[in-house]
Amino acid sequence: MTQAQLQPSGEHLSHHPHSEERRWQDYFTFSTDHKVIGIQYLVTGFLFYLVGGALATAIRTELATPAPDFVDPRLYNSLFTLHGTIMIFLWIVPAGAGFANYLLPLMIGARDMAFPRLNAVAFWIIPPTGILLISSFFFDPAQAGWTSYPPLSVTASQVGEAIWIMSVLLLGTSSILGGINFLVTLWKMRVPSMRLNQMPLFCWAMLSTSLLAVIATPVLAGALILLAFDLLIGTTFFNPTGGGDPVVYQHLFWFYSHPAVYIMVLPFFGVMSEVIPVHSRKPIFGYAAIAYSSLAISFLGLIVWAHHMFTSGTPGWLRMFFMITTMIIAVPTGIKIFGWLATMWGGKIRLNSPMLFAMGFISTFVVGGLSGVMLASVPFDIHVHDTYFVVAHLHYVLFGGSMFGIYTAIYHWFPKMTGRMINEPWGIVHFILTYFGFNLTFLPMHVLGLQGMPRRVAMYDPQFANINFICTIGSYILAVSTIPFLINAVWSWTRGTKAEDNPWQALGFEWLTSSPPSIENFEVLPVLTVGVYDYGMSDLSEVESRSSVEVKYPVGPDNEPVSATSDSQSK
Amino acid sequence: MNIPSTISTLLIGIVLTLLSLWYGQNHGLMPIAASDEANQVDDLFDTMMIIATGLFLIVQGTLIFCAFYFRKRKGDNTDGPGLHGNVPLEILWTAIPAAIVVWISIYSFEIYNTLGGVDPMTAGDMHAMHSPKSHRGAAIAAPLETMPSDSRQIALGVGASPLNQGKSAELEVNVTGLQYAWIFNYPDSGITTGELHLPVGQEIQVNLSANDVIHAFWVPQLRLKQDAIPGRTAQLRFTLNRVGEYPLRCAELCGSYHGSMITKLIAHTPEDYQNWVQSQQIASQPNNSKALALNPTNLSDSQFLAPYAQEMGIDTQLVSEMHHSHH
Ligand code: HEM
Ligand SMILES: [Cu+2]
Ligand SMILES: [Cu+2]
C-alpha cells in the first residue's frame, strides 16, 4: 500500500488475473484498451521516427558539402518537406498521444478512456495515413515545406501536394479525436477523491494540450481545404491573380501551427513534472504554478502566431503586438524550468537514465527558449528569419523537447508498460551519445544562420562548409545513438529482469497496479489520501511504513477516505 | 528554501555577470555590418546575448551542480526534504523574467522605430487602404489608387527612420523576385540589372514585388529582410555606410532552385556609383526581364554557382511551365 488506498468499488468486478494475459497479437487488433492503444501509438510513432530520421540523415548528407551533389535540389525540397511533416505529425504528436493514452486513465484511477472506440479510431487513422504520405515519394512528393505556403505549394507538384494535404488533414482529425477524448476523460473519469488541483501534472499538461488541439486544429483543416480547392479545382482563395491573398493562408496556417508546437512540447513538460520529483525524491516545487503555467502557455500560444510572419505581410504595429505576446510566453515557461530545478535542489537525485534524459531535456530546452526570446524581438528576427538560426531554434525546442522528453518517459514507465526493467548501463550510453550528437548537430547551426545561411537550400556558399560538416558529423552520431536504444528496448522487453509493481517507489496511481497493469487497470478503485508528489513528507520514505500513513489531503466531500490497511493492495 | 545570499553565491554571481558581459560583446557571431541600422540591430543582439549567456550559465550550472552535489549516496534510501514550494521565491522568478522580457520588448521597439519599422507610411497594408479609419490621415489613403508606384504608397516592410519620415528616399529601386532571379529596375535612370548597385551614404528605398511565388529579399550585412509577395508591395529603406560586395539572397522557399537565387549587392562610393550609372546607360537597351528570368546563367556571376549553371538551364522549361500554370 502506498499513498493511496484501494477501496472496493461499488461495481462488481470479475477477477481475471491470468486468463486474460495480453498476447502480442493484441497489438495488431482494433483493441479498445487504452494501454494497448498507447503502446500502438508509441511503437508506430517510433517507426515513423526512424523514417523521418533517415530523411534527416539524407538531408545532412546532402549538406555535408556546398554543392548539391547527393540529391538534386528538387528531391532535396521533398526530403525536408516530408522530414518535417513526418517528424511533427507522425512522431511527436502521436508519441504525446501515446503516453497520454497509456497514462491518463492510470493516473486518475479510471478503467479506460471516456470513449474507447473513438480512441481506437483516432489511432487507426495514423498508420495508413503515414504510409500514404510516404508513398508520395513514388509520385512527385510535395516540395513546399511543411508550411506549404501558396502560391508555391499549388504550382510545385500537384499529386504530391494533394497527398500531403490529405495526409495532414487526416492526421489533424486523429489529433482532434484524441484531444476530445482526453478532455472528457480528465473531466469525467477521475476517481472522486482526486480533485482537479490534485491531478498529476502530466494530466494538467494533457488538459492544456488537448484544449489547444481542439481549438486550433480545425483552423488548419480550413486552411488546407481551401488550399486543396486552389490546387485541384483552380479556385483563387490564395492566388492574387484571382483576387486571393497568400498571406491569409499564412495566418490560418500559423494560427494552428504555432499552438502546435505547444501541442508537441506540453506533454513532455508534463513528463518532466512527473519524473523529476520521483528521482529527486522531493515534491514538485510549486505545483500550482506549474499546473497553471500550462494553461497560460495554451492561452498565450493562441495569440502569438504572427511571429512567424514578421517579415511577411504583417504591418509594423501588428509586429509589435505579436512581439510582446511572444515574449510573455517566456514567463510561464521559465516558471516551469525554475520549478524543476528547485525540485532537484536539495534532493537525493538518482542519476539513472530517466533522470539523465530529464536533465538533458532541461539543458537543451533552455537553449531553445533563449533563442526563442531573441526571435521574438522583431528587429533581430528580421535578420535571422528563415535562416539556420531558426532551424537550430526549432530543433532545440521541438526535437530536443520531444526526443529527450519521450526517452525520459520511456525509461521511466518502461517497467510499468512492459513488466520488465530496461538495462541501465545501455540507457546511459544512449544518453551520452544522444546528448552530444544532438548538440554537435544543432548548436553550430545558430552560427550558420547569423552568418547568412538561409534554410531550405541544397547548395550553399563555401564559406559555410566547415560548420556544416560539423553538423553532419553530429547528425551521424545522433543516428547511431538510436541503435543502443533500439536493441536495449527490444531485448529488455522480451527478456529483461522482471519489474516490480513500483520499482521507483513512486507515488502516482499508475504505480499502484501491477506491472504491466491488468486489463481493468485496478482491481479496486484507488483513493487519493496522500498527494502524488508527497516525497519526503512524514515518514513516507520508509516503504514499509507507508501503509500506515495518515490522510494528508482532504478528499472530495462525497468520498470520505477509509483508513489505510496494508493488505488492501492488489498483488 | 531561502533565497541564497551567502558570500559564495555573491562571488558566483559576479563571475557569471562578468562572463556574460564579456561573451555578449565578444561573440563575433554577426557578419560585417554595412549600414547604420545594422549596427543598431547588433547592439540589441549583444544585449540579448548578455542576458541569454547569463541565464544559460545559471541553468546549466544548476543542473551540473545538482548532478554532483545532490546525487543520492550509496545506501541512502531516504527522501529529500518534503518541500512544496516557496511563494516569495516563485514570485521572484516570475517577476524577474517578466521584467527582462518587458525591457527587451521596449528596447526592441526603440530599435525598430529608429530603423523605420513603425513609419506610418508602411504601417497599413494594401488591403486596409480602402478604409481610411485605419490610417491616421485620410489624405494618405485617398489618392492611393492613382499613385501606384509612388513612394507614398502604403506598403509592408521597414520604412523611413523617424528623421526622414515624410521625405521620399534619395534613391529608389524596384526589385522584382521571380523564379529564380532578382531583377532590379532603377526608375530614375531606366536601368535594369541583375545585380543591385547602390551608393553609400544615401537613403535608399527598395520596392519589392514578386511575379510568381513568394520570395524574400535578404542582405545579411544589412540585417534586413522582407518577403516579396505576389499581389502585394513591400518596401525597405536603409542607408549603406560601407563600400563592398554583399550577398543578396532569396530567403523564402520559392522552388527547386531557391538555393541558387542569390546575387550581389554592390555598395559603391557616390562617384563610383555615378560612373556605374553612366556606363549602364550607354550600354543599355533595357534588358528584357523575361530573358533574365528564363536564363539565370546570365545574371549570376557568383562563383560557386557556375558548376550548376547547366542544371539550372534545364530548369528553364520548368520555369516557363510554371508561369503558364498560374490560374
Ligand atoms: C523530432 C524530431 C524532429 C523534428 C520535429 C524536426 C522538425 C523539422 C522541421 C519542422 C523542419 C523544417 C522543414 C521545413 O522547412 O519545411 C526540419 C528541417 C530539418 N531538420 Fe528536422 N526535425 C527533427 C529531427 C531532426 C534530426 C534528428 C535532424 C538531423 C539529424 C534534423 C535535421 C534537419 C535539417 C537539416 C532540416 C533542414 C533545414 C532546412 O533546410 O531548412 N531534424 N526539421
Ligand atoms: Cu526566391
Ligand atoms: Cu527562394
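Here the Cβ of each residue, glycine as well, is placed from N, Cα and C on the backbone.
Any TrEMBL annotation is an automated prediction that lacks curation.
Residues annotated as domain 'Cytochrome oxidase subunit II transmembrane region profile' in TrEMBL: B:21-119.
What TrEMBL lists as domain 'Cytochrome oxidase subunit II copper A binding' is B:168-279. Across the domain 'Cytochrome oxidase subunit II copper A binding' (B:168-279), DSSP classifies residues as 16 helix, 60 strand, 36 coil.
Annotated transmembrane segment per TrEMBL: B:7-24 (among others), in sequence order.
Among the features that TrEMBL reports, transmembrane segment is placed at B:44-70 (among others).
Here TrEMBL flags B:91-109 (among others) as transmembrane segment. Under 8 Å from some Cβ of the transmembrane segment (B:91-109) lie the Cβ atoms of residues 3, 44, 47-48, 51, 118, all in the same chain and six or more residues away from its ends.
Mean pLDDT across the domain 'Cytochrome oxidase subunit II copper A binding' (B:168-279) comes to 91 in this model. Within the chain, the transmembrane segment (B:7-24) has long-range Cβ neighbours (under 8 A, six or more residues past its boundaries) at 46-47, 49-51, 53-54, 57-58, 61. Assigned with DSSP, the residues of the domain 'Cytochrome oxidase subunit II transmembrane region profile' (B:21-119) fall into helix, strand and coil as follows: 69 helix, 2 strand, 28 coil.
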